Amino acid sequence: MPIESGSCASARQAKQKRKSHSLSIRRTNSSEQERAGLQRDMLEGQDSKLPSSVRNTLLELFGQIEREFENLYIENLELRREIDTLNERLAAEGQTIDGAELSKGQLKTKASHSTSQLSQKLKTTYKASTSKIVSSFKTTTSRAICQLVKEYVGHRDGIWDVSVAKTQPVVLGTASADHTALLWSIETGKCLTKYVGHVGSVNSIKFHPTEQVALTASGDQTAHIWRYIVQLPTPQPTADCNQMSGEDEVEFSDKDEPDGDGDGSSDCPTVRAPLTSLKSHQGVVIAADWLVGGKQAVTASWDRTANLYDVETSELVHSLTGHDQELTHCCTHPTQRLVVTSSRDTTFRLWDFRDPSIHSVNVFQGHTDTVTSAVFTVGDNVVSGSDDRTVKVWDLKNMRSPIATIRTDSAVNRINVCVGQRIIALPHDNRQVRLFDMSGVRLARLPRSNRQVTEYL
């Protein structure tokens, strides 16, 4: 009577294990609905401030995650059993092949080759399963639809800041490394005013809340307050407008610079001198902003200080010291006398001037690298960006920890917040702009534009 070999017995044992295991999988799948029902009943019995629709969506997502990882766990167990069976079979064959001894090196090579194939299969299965989980989250994200509306061509160097006037007529302002600030018609893209009073890079531009006055900060260690008077062009028929823009919007590459002052700004009115020059810094003035009401202005400098000025007299009211390294940005609250400054010392500071007699300061250490900017929203939030590749949203009422964190692939440049829609505009890798909501959900991506200011809708 033939005797059953060790390899055949091992194969039969593995087959029986797989059969019994497949039955357990069927039992698991059949009980998923019952388990989901129990979880839903448990959640309904708990107190929660979340709307029922949000709770149901979360429950479905967590259910998907649990099922995916359960399937992954089951496949992992099955692969481990196959590996054990293979090792047993190889060990048995190594002892009984024609009485010849199989060298340990050959046996180890054969076993490692087979196990590496199984390991690769396990990795592939894991990646496929986790990608399904990530896809399930992405499908629930609402996305904004953006399209190109207008391009503003005229600067001869990089553009550091973009701002929109708060009063009529509503114009667009840009600050550039070409030592100029330009004002544009939003509708036509025509340059309305050029400011040439600075002798260094213009790093920021902000408009007065009630008057036709602009505030610019520069690398010449000053901030200028200057008045502009613009008259918006009369709306033209579509055909004429397209013909005009065709002459103005000539595209230039980085290697082929046009002669002269540029396309859009060569024939616009020029302002050459400021109303007031704020001169108290010993380094580059990287940013400036108006306090609510427009009677005071704040500046941030590489000399590690921020200065608060009286606009009418140009006198220094407060020198805000405390940062250990160069400041990178400053911003004021739209409705309260609050100022936030950011620095290369990995912190940002909140300065409170609501009490005229005293001012308080709070230091926040939520980042691990240079804080490139920190800005207020229309509500009670602060958004900070850093070279540590994160953007964090904070609640002014509780600044102990961020309420949302956005992680990026590169260092974060100066960020902007669309106040009305509570949208975060985040420059990414100096090539594109990504839009997020205040909870950190990505909405859209705007492509790179070459030496132009681009408006999207």
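Just so you know, glycine gets a Cβ as well, placed from its N, Cα and C.
Because TrEMBL annotations are produced automatically, they should be read as predictions rather than curated entries.
Annotation comment: TrEMBL describes 69-96 as coiled coil.
Under the heading compositional bias 'Polar residues', TrEMBL lists 22-31.
Per TrEMBL, the feature compositional bias 'Acidic residues' maps to 246-264.
Residues or ranges marked as region 'Disordered' in TrEMBL: 1-36 (among others).
Positions annotated as region 'Disordered' by TrEMBL: 242-273 (among others).
Sequence annotations record features per position, and here TrEMBL assigns repeat 'WD' to 152-194 (among others).
According to TrEMBL, the repeat 'WD' annotation covers 195-226 (among others). Here the repeat 'WD' (195-226) has long-range neighbours at 157, 160-167, 173-183, 270-279, 281-290, 292-294, 297, 299-301, 311, meaning same-chain residues at least 6 beyond its ends whose C-beta is under 8 angstroms from one of its own.
With a threshold of 8 Å between CB atoms, the same-chain residues lying at least 6 positions outside the repeat 'WD' (278-319) that come near it are 161, 200, 203-204, 206-211, 213, 215-219, 221-225, 325-337, 339, 341, 343, 351, 353, 359. The repeat 'WD' annotation in TrEMBL covers 278-319 (among others).
Mean model confidence of the repeat 'WD' (320-361) amounts to 92 (pLDDT, 0 to 100 scale). What TrEMBL records for 320-361 (among others) is repeat 'WD'.
Residues annotated as repeat 'WD' in TrEMBL: 364-404 (among others).
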